[in-house]
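Participant: First the structure, which I've put down as structure tokens, then a few questions once you've had a look.
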Amino acid sequence: MNSPALPLSRGLRIRAELKELLTLAAPIMIAQLATTAMGFVDAVMAGRASPHDLAAVALGNSIWIPMFLLMTGTLLATTAKVAQRHGAGDQPGTGPLVRQALWLALLIGPLSGAVLWWLSEPILGLMKVRPELIGPSLLYLKGIALGFPAAALYHVLRCYTNGLGRTRPSMVLGIGGLLLNIPINYALIYGHFGMPKMGGPGCGWATGSVMWFMFLGMLFWVNKASIYRASQLFSRWEWPDRATIGPLVAVGLPIGIAVFAESSIFSVIALLIGGLDENVVAGHQIALNFSALVFMIPYSLGMAVTVRVGHNLGAGLPRDARFAAGVGMAAALGYACVSASLMLLLREQIAAMYSPDPAVIAIAASLIVFSALFQFSDALQVTAAGALRGYQDTRVTMIMTLFAYWGIGLPVGYSLGLTDWFQEPTGPRGLWQGLVVGLTGAAIMLCIRLARSARRFIRQHERLQREDAEAASVLGR
């Protein structure tokens, strides 16, 4: 008669874990939406200056955003390592770790900014950009390049606060950055308040300025809030330590490469579609923009799962870590069911929000169908990747991601969309079908990898427990 107690207990446990995940994920999601909104504001304000300015900003985005994701992705290892130390109750050990991560940011932030500053012109040349757009695009990119050092330092501090389970600072500063971006854009694009009239390139200098504001704001917050004092982050100082920075790079660089691979494949598909009819290009951009917006929620869940898995592993609870990953993936799938259903039902209305042109609406609506289809695989792969970051299992994840996107998705999409190898070329539909295949492949491989990693950690923990018990029994004799 007591059998119903177990399901009830499990149900309460699921609800408690889901509450923890959503509490972590909600501020992250708002911060990500604020960042996305900054890009939207840039596009609107540059577009009001002229189509020429908007084109320059769009070209610049195709260069700096993948590079930015590579840089910040490399620093994401800080979240998992801080989360594990926090879960283990090792607050004093967190400070030295984060200080070494800041040294790493001081290296790759300026280096990434220098690469963006000096290599943007050759990249634009390889892209065969119209000569009249090169100058404005370069000016736009140089403003952003000056903000890269601040962005790297900010992301380390953000990973630190997120790893402690404190996600509110990134939300507040994300909203603050958005609110500051608008007046700076207004001043630099249109030449108000005594500032030079820069047009679209002013967006880049505004973004670079906001990056510095967000870093200084996070630095002030972490330095003043009492919750962070136990880590003694700024009370001591050490030179760079290879023994600490090496593992950060070993875990973080594969994350950066995987994120770069995922973002760059969308850029490549945009370039492949760029040679087609302008209505096709517009429809593709609408579907892609809306897909990126919808992706923010499972992405935020994935970051929250990283923290929860890290906390549980640090506390010596590998079964709870696996449980947190499972609840996170179930929540992501539940969201995918809702988002996919709404996208299928409202695809034409969604497209009409972006354009009044019937031809563009028809193309965008047809592509949103494929976006709805990959909601499930996209939600699974990003949540599984977040859980694997919590396990600090990133190298194999990177290989799987590269293979899924570049070894499966892109070749399938290219074959179906732009060649007659299997049928008449279907244009953007074929390329989006390739995305569905690639994301599905990534989801399957990452879920299998996650199950194996979770099982391995549980076995290792149980083996250590048995060894400790045997050692204790020997000493007790």
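Placed from the backbone N, Cα and C atoms, the Cβ positions cover glycine too.
Quick caveat, the model's predicted, so the values are computed rather than measured.
Pulled the feature table from Swiss-Prot, pasting it below:
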type	residues	note
TRANSMEM	21-41	transmembrane segment
TRANSMEM	56-76	transmembrane segment
TRANSMEM	104-124	transmembrane segment
TRANSMEM	133-153	transmembrane segment
TRANSMEM	171-191	transmembrane segment
TRANSMEM	202-222	transmembrane segment
TRANSMEM	253-273	transmembrane segment
TRANSMEM	286-306	transmembrane segment
TRANSMEM	326-346	transmembrane segment
TRANSMEM	360-380	transmembrane segment
TRANSMEM	398-418	transmembrane segment
TRANSMEM	431-451	transmembrane segment
Participant: At least three Cβ pairs under 8 Å linking the transmembrane segment (286-306) and the transmembrane segment (202-222), pairs spaced 6 or more in sequence?
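Facilitator: Contact between the transmembrane segment (286-306) and the transmembrane segment (202-222): absent.
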Participant: With pairs 6 or more apart in sequence, are the transmembrane segment (171-191) and the transmembrane segment (21-41) linked by at least 3 Cβ pairs under 8 Å?
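Facilitator: Taking Cβ pairs at least 6 residues apart, the transmembrane segment (21-41) and the transmembrane segment (171-191) are in contact, with 3 or more under 8 Å.
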Participant: By a Cβ-Cβ criterion of under 8 Å, what residues six or more beyond either terminus of the transmembrane segment (21-41) are in contact with it?
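Facilitator: Long-range Cβ neighbours of the transmembrane segment (21-41): 61, 162, 165, 167-168, 170-171, 173-175, 177-178, 181-182, 185, 207, 210, 292-293, 296-297, 299-301, 303-305, 307-308, 324, 327-328, 331.
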Participant: Same chain only, please: residues at least 6 beyond the ends of the transmembrane segment (133-153) with a C-beta under 8 Å from a C-beta of the stretch. Say none if there are none.
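Facilitator: Apart from its flanks, the transmembrane segment (133-153) reaches 52-53, 55-57, 59-60, 63-64, 68, 71-72, 75, 102, 105-106, 108-110, 112-114, 116-117, 120-121, 124-125, 198-212, 214-216, 219.
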Participant: Same chain, outside the transmembrane segment (398-418) by at least 6, Cβ under 8 Å from its Cβ: which residues?
Facilitator: 254-255, 257-258, 261-262, 265, 268-269, 272, 385, 425-435, 437-439, 441-442, 445-446, 449
Participant: Report, as numbers and ranges, every residue of the chain located at least six residues beyond the transmembrane segment (56-76) whose Cβ falls under 8 Å of a Cβ in that stretch; write 'none' if there are none.
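Facilitator: Sequence-distant neighbours of the transmembrane segment (56-76): 39, 42-43, 46, 101, 104-105, 108-109, 112, 115-116, 120, 123-124, 127, 129, 133, 136-137, 140-141, 144-145, 148, 151-152, 155-156, 159, 199-201, 203-204, 249, 252-253, 255-260, 263-264, 267, 270, 306, 389.
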Participant: Which one, 202-222, 253-273, 360-380, has the most C-beta pairs under 8 Å toward the transmembrane segment (326-346)?
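Facilitator: Per the Cβ count, the answer is 360-380.
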Participant: Going along the chain, which residues at least six beyond the ends of the transmembrane segment (360-380) come within the CB cut-off of under 8 Å?
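Facilitator: The answer is 279-280, 282-284, 286-287, 290-291, 294-295, 298, 301, 329, 332-333, 335-337, 339-341, 343-344, 347-348, 350-352, 354, 428-429, 432-433, 435-436, 439-440, 442-443, 446-447.
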